[in-house]
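The domain 'Peptidase A1' annotation in TrEMBL covers 127-442. Annotated active site per TrEMBL: Asp145, Asp333, in sequence order.
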Amino acid sequence: MTDGVQHLITCVAVHNHKYSPNGAASYARSALRWGITHSDNATFFVHNNHLVRRGLFDEHPDAHGAWNIGSHKVTYFSDAGGAMYKKAMTNKNGFISSKAAIPAGISTYSRAFADVPAEDVQNDSEYVVPVTIGNPGVTLNLDFDTGSSDLWVWSSQARGKGNRKIYQPTQSRTAKQAPGLSWNIQYADGSGAQGNVFYDNVMVQGVAVTNQAVETATTLSGAFQTDVQSDGLFGLAFSKINTVTPSKQNTPFQNMLNQKLLDRPIFTVKLDKGDSGGFYTFGHVNGGVLPPGVDIWTTYVDSSNGWWEFESRAIMIGKHEFPRPQGNTAIADTGTTLILLDDDAVSAIYSAVRGAVLNHAAGGWILPSSATVPDLYFACGDRYFGIPGDDLKFSTCSSKGYMFGAVQSRGSNQQDIFGDVFLKRVYALFDARPGTPRIGFGQRDFYST
């Protein structure tokens, strides 16, 4: 039951002050999250359920048919006959004979890439939002994620909980287990989270979403165990990509709409740089975010894949327009840190920066700390929205005097990903009107925090 009142909800996005940007580790996370596939510019990518990377050693054997790979675990590839063959080995003496690694019928290996260990993937959440579940309620810090559609939490049923807050469904008077329902989120490297489903009340800034499916983790592995700031995930994509089986469940946002809790079928996102001034709103637009005279411009969303996906036909590098492939689309994702584009667009951006180089050993494209960088603009429907050039300098990296680039390759994937680097410079509107969903952006001040 609802109280019959429509609400205007504002949730503070609390900045994790222990978060430290790490470009290569953020890129590795993106590769896992989106299953980035091989391309010339992709340092991190997924193949045969392995997250692998370039740059830790030579990709080709020496004249004697051996690689100097140190003690890394290695995945070897061959392009022979147009196929890719794999053999994973851990080398102890620093060298491995190519003959020892070659499957029958294959004459040479053309590449060797290192497997990426879990500790090299950045999983700390930069922002979390407090949400209360159950009665009596427990308040958990959740990662609000526009790129997924599950509400899952650490629970009393999970192992290795440590000192984190957990949801205990057996202690909630309003919890009801959903017989026969389970959920399972898997990343491309095999790490994941899974468990049971309960229906319970979820309080978002004092507004109760009743009978909400809460996915309680019983097993977590790999990347899902290492985020110590977040107690779970609050998915905000479309419910069609919810992972509960055999019956997909509505997201909390969709249930807010179904229960007529909101004045309008929208939510908005304002992320900030380095403080706790960011927030999410539900049911309304905060009129104080954008400079006077600046409006939110919307475009149509293609929700067929379950994401907030829209057309992006070009980028602007300074004053120069660079067209994108016909039908190119982008996904707005608060769960990704960087901006991911196709190889041609990435190369065009860094070609405009003196001294920028693709350095796989450093994790991807890097640029001199002192470089002058043109402002960058990204088409969202018929309008451009941008980031200042200095935002391309995402973090320090392993190469002295260089910064890790905030724009990296999406590999051979088909969609761009506009992550937090982009979203911090706009005020984003997500409009779930039935049949014709839209997304909109308003350009915030380039130099505000």
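Backbone N, Cα and C define each Cβ position, glycine as well.
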Q | CB contacts for Asp145 (active site) [other CB atoms within 10 A, all chains] | A | 21
Q | Averaged pLDDT, computed only over the residues in the domain 'Peptidase A1' (127-442) | A | 93
Q.
Validating a neighbour-count step here. Other CB atoms within 10 A of the CB of Asp333 (active site): how many?
A. 27
Q: Using C-alpha atoms only, work out the spacing between Asp333 (active site) and Asp145 (active site) and round it to an integer in Å.
A: 7
